[in-house]
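These come from Swiss-Prot:
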TRANSMEM  4-24  transmembrane segment
TRANSMEM  35-55  transmembrane segment
TRANSMEM  62-82  transmembrane segment
BINDING   74, 77  Na(+) binding site
TRANSMEM  102-122  transmembrane segment
């Protein structure tokens, strides 16, 4: 039951961060490309790599994993919004933007998970 509270708390924080980051990215870059979703996915992927590596090194409690790994990062990152925005770009005929979005999300997010893990593992 305690882990549910941590997941809920982390989720509420992650949702607020996601909203604020998305609004900020629209203000900076406009809305012609889904930079907000890309940014939250990249940040979340990096943090997931860090949390995973810390967990592997037994330096993170189950409560922190629930708070950050499931709650905060689960609410911060978004595959459904990425999918919807990519489909909208395709439906608008913006194929280059759609495939750029797919490539950036996939490549950057995988790299950021790796980078987060390596950062932690190199310090342990």
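Using the three backbone atoms N, Cα and C, a Cβ is placed for every residue, glycine included.
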Original post:
Relative to the Cβ position of residue 74 (Na(+) binding site), how many further Cβ atoms are located within 10 Å?
Top reply: 18
Subject >> Interface-richest range of 4-24, 62-82, 102-122 toward the transmembrane segment (35-55), CB pairs under 8 Å >> reply: 102-122
Subject >> Structural state of residue 77 (Na(+) binding site), classified by DSSP into three states >> reply: coil
Subject >> Cβ-Cβ neighbours of residue 77 (Na(+) binding site) (radius 10 Å) >> reply: 21
**OP:** State the non-local partners of the transmembrane segment (62-82) in its own chain: residues 6+ outside its ends, Cβ under 8 Å from one of its Cβ atoms.
**Re:** 2-3, 6-15, 17-18, 34, 37-38, 40-41, 43-45, 47-48, 51-52, 55, 101, 105
